[in-house]
Each structure stands twice: as C-alpha cells, then as structure tokens.
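Annotation source TrEMBL lists compositional bias 'Basic and acidic residues' at 298-311. Residues or ranges marked as region 'Disordered' in TrEMBL: 298-318. According to TrEMBL, the feature transmembrane segment maps to 42-59, 65-86, 107-131, 151-171, 183-205, 225-248.
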Amino acid sequence: MSERRTSGVCGNCLPLCTKESIMVAFRGIWTQTFWKAVSGEFLAMLIFAFLSLGSTISWSENQQLVLMSLCFGLSLATMIQCFGHISGTHINPAVTISLVCIKKLSLAKAIFYVAAQCLGAVVGAGLLYLVTPADRVGNLGATLVNSSLSAGQGLLIEIIITFQLVFNVVASSDTKRNDVKGSIALAVGYSVTIGHLFAINYTGASMNPARSFGPAVIMGIWDNHWVYWVGPLMGGISAAALYEYLYCPDPELKCLLKEVLAKATKPSGGKHREVEAIRSQEEADDLITKPGTAHVIDIEKGEEKKEKDSSGEMMSSV
C-alpha cells in the first residue's frame with residue numbers, strides 16, 4: 001500500500017487519476033495568457049448575448065426572422081474576428097466541450113471557459129434587460145420548444161443544428177487542410193445564420209447552452225431547459241468525434257494507433273505474449289492520457305505554433 005501511495009495513484013484508480021496528471025492539467029491556470037483567454041471569452045460572450053438577444057426584442061407586431069438570424073450569425077462572426085487570436089472565441093460550451101473530447105483543448109481550460117461563457121451570457125442578458133422598456137422585454141429571447149412539438153422533437157432539432165455548426169468549426173479550422181479559402185469567421189457565422197433561419201420556429205435555435213442560459217436566469221424561464229444543454233452537447237461531441245476520428249484523423253495519431261494494434265495482435269506465446277499485451281496497453285493508455293499526444297497546450301510555454309493563414313486565428317487556443 002505504501003508503494004502505491006508513493007507512486008501517486010489514489011487507491012485503485014486508473015493512471016489518469018495520478019497527482020501528476022492533475023498537476024499537468026492545471027499547471028497553466030495562473031499565467032497571464034490563460035486569464036487573458038478566459039476574460040476574452042467572457043467579454044466576447046457578453047457582447048454576443050447583448051447584441052444577438054437584442055434582435056429578439058419585439059418593437060412591432062411582425063417579428064422578422066431574417067433580421068434575428070442575420071444578427072446572431074454576424075454577431076458571432078464579428079466576435080470571432082475580434083477575439084479569435086486571444087481566446088479562440090468558442091463562445092459556446094458545446095464547442096468547448098467538443099474540443100475537449102477530441103483532445104484539442106485541456107480540461108482545466110475548458111472548465112474556466114464554460115464558466116466564463118455562462119457568466120458572460122447572464123451579464124449580457126442582464127444589461128439588455130436594463131436598457132429595454134418593460135413593455136417590450138417579452139421573454140428576452142429565451143429559447144422555448146414550440147408548443148406543437150414534444151421535448152424529444154425539440155431535442156432532435158437542437159442535435160442536428162448544433163452538429164452542422166460544430167462540424168463547420170472543426171472542419172474550417174483544421175490545420176491539416178490547405179484548401180480552406182476565405183474567412184473562417186464568416187463561415188461559422190453563416191452556419192449559425194442557417195441554423196436560425198431553419199429552427200427559430202421550432203426551438204428558438206439555440207445551438208449554444210450559454211446563449212439559452214443567460215435569458216433563462218434573468219427571466220426565470222426554465223421550461224424544457226435541459227433540451228438546450230443535452231441537445232447541443234450531443235450534436236457537438238458527435239460532430240467533432242466523427243470529423244476527427246473517422247473522416248479526417250490526424251496522420252500521426254493514426255500511425256501510432258496502427259503500431260499499437262499491430263503489437264497487440266502480434267502472435268507470441270507464454271509470458272512473452274502477456275508482457276507484450278501489457279506494454280501495448282500501457283502505450284495505448286499513454287496515447288490517451290499524456291498531454292503531449294493529446295495536443296494539450298502548455299500555456300507556460302506559450303501557444304502552439306500558429307498557422308499563418310486564417311485557420312490559426314480561429315482556433316488559437318486549441
């Protein structure tokens with residue numbers, strides 16, 4: 001028991017639970033660069049929520065869906081252009097958590113990002129509430145499943161529209177590609193616009209748990225609110241995983257996995273085979289848990305090598 005304790009493993013936990021792993025995950029959170037990124041995410045979300053939710057305020061009897069869709073899409077594109085080199089401008093917990101699942105962002109950074117996004121959305125919605133006449137506030141852009149739909153149908157809508165958004169994000173910012181032309185910020189903005197044009201009448205077209213969380217807190221509207229967390233997270237994670245592991249896997253990761261599988265299936269007998277299996281398992285575990293192979297940024301050493309094209313700006317924190 002004493003040997004196991006000195007090795008840093010807590011009881012029967014996996015190697016992932018070692019003190020060293022935890023220290024590696026959180027060692028960069030006290031740097032200036034880290035807090036610039038987190039504060040940038042907060043400010044970008046605040047401005048995005050204030051502007052985009054403002055387009056939902058009804059100043060006349062006719063709600064203009066095109067106006068709202070363009071405001072959401074162009075507001076996001078503008079924030080990406082402004083803060084992309086500072087925080088990566090996820091402005092969306094679904095994007096942030098999806099990047100963690102494909103090893104493009106550290107868990108420690110993701111926790112602070114999601115907190116900053118939710119807080120920014122609440123502050124942005126609160127400021128909008130303060131400057132809007134009481135008789136015009138309405139529900140302050142809170143997302144609600146259409147009364148003609150069930151919660152399950154609303155969930156499916158949110159999964160699909162968030163899937164296309166996150167797939168766009170990871171595909172547009174893929175540094176392995178050399179065929180990306182034009183502005184990534186506008187590409188993501190168009191994706192948000194399309195989602196709104198289609199789904200506003202269905203679910204309010206959230207695609208973003210923080211965007212729904214902000215007005216829900218200010219107005220106290222929580223009807224089927226779980227849909228706007230579960231749906232975007234399911235859609236985002238599945239989109240990122242399909243792109244990263246099926247359609248466009250990292251060549252280096254692919255080669256390493258092939259080597260591990262080749263060693264694991266190599267025929268041998270007796271104790272030698274048992275040792276080989278253990279070593280292969282350790283290599284597979286290392287491939288999953290080591291920050292270096294997971295592309296986790298060491299903020300103390302600065303960000304990873306930036307690409308010269310626009311794709312480096314969009315996902316500079318990834």
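Each Cβ is built from the backbone N, Cα and C atoms, and glycine gets one as well.
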Exercise for review: Please work out whether the transmembrane segment (65-86) lies in contact with the transmembrane segment (183-205), by counting C-beta pairs under 8 angstroms that are 6 or more apart in sequence and asking whether there are at least 3.
Suggested key: yes
Lying 6 or more residues past either end of the transmembrane segment (225-248) yet within Cβ distance under 8 Å of it, the residues of that chain are 92-95, 97-99, 101-102, 104, 143, 145, 151, 154-167, 170-171, 174, 176-177, 203, 206-209, 212-213, 216
